[in-house]
Amino acid sequence: KGDVKCIAAKVLLKETASTTSFFLFPFSIRSVMQKYLEERGELTFDKIFHQKIGFLLFKDYCMNEIDEAVPQLKFYEEIKEYEKLDSEEERLSRSRQIYDTYIMKELLSCSHPFSKQAVDHVQTHLSKKQVPASLFQPYIEEICDSLRGKIFHKFMESDKFTRFCQWKNVELNIHLTMNDFSVHRIIGRGGFGEVYGCRKADTGKMYAMKCLDKKRIKMKQGETLALNERIMLSLVSTGVKHEVLFRRKKLHL
């Protein structure tokens, strides 16, 4: 019994030709995924900002909602492009362009929001024609520090963060199929289906797989009950990924 774990749903229920279509609302996915990611320390600024989907959604939010962050994000992207350059000649040329556009221009207008230490670091290296990939690292750190506070907290309250949770939900469930399990005997029955004992092929671990008949759910108008059960199961801490699988007539939890 202690070896049997629940596999709970974490993705949208999808429509098929012979079944009813019902969906988990985005904010339900958000609450489930937020709890899941928080428990694993995945909701810090650095974790989200330094992965591609997180950065793109954060940037999209700032471009539409936080005008003050737009120049800093553009500066950040220019620095990241500079860091990818291999030849010293290319870095020298690009570093001067970045300096003129994002540093000197603001210094002349007395609107440069960064520290004197960061300015001095870049000026000293450029005066000696030293252009390591880490030339603008002090600016990277200060840009991140300026974004990780109030701006990041506003992002966490936005629909862009909800979209991030949806993407992470898909990412977590993208590889699992029914072929990953060998299904054994029925260990329980319910109003919408049966619970089977099953074994995961690659690890040999035993799980409980709940198979809901979509036609039966539709006939009994049990969509809300099924979704509520899915949310509750996904909040149970089992130490394993919670997954959902679909077949034409059955939903496997």
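Placement of Cβ uses the backbone N, Cα and C atoms for every residue, glycine included.
Annotated features in TrEMBL:
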BINDING   K210  ATP binding site
DOMAIN    44-165  domain 'RGS'
DOMAIN    181-253  domain 'Protein kinase'
Taken over the domain 'RGS' (44-165), the model's mean pLDDT: 93
Tally of DSSP helical, extended and coil residues in the domain 'RGS' (44-165): 94 helix, 0 strand, 28 coil
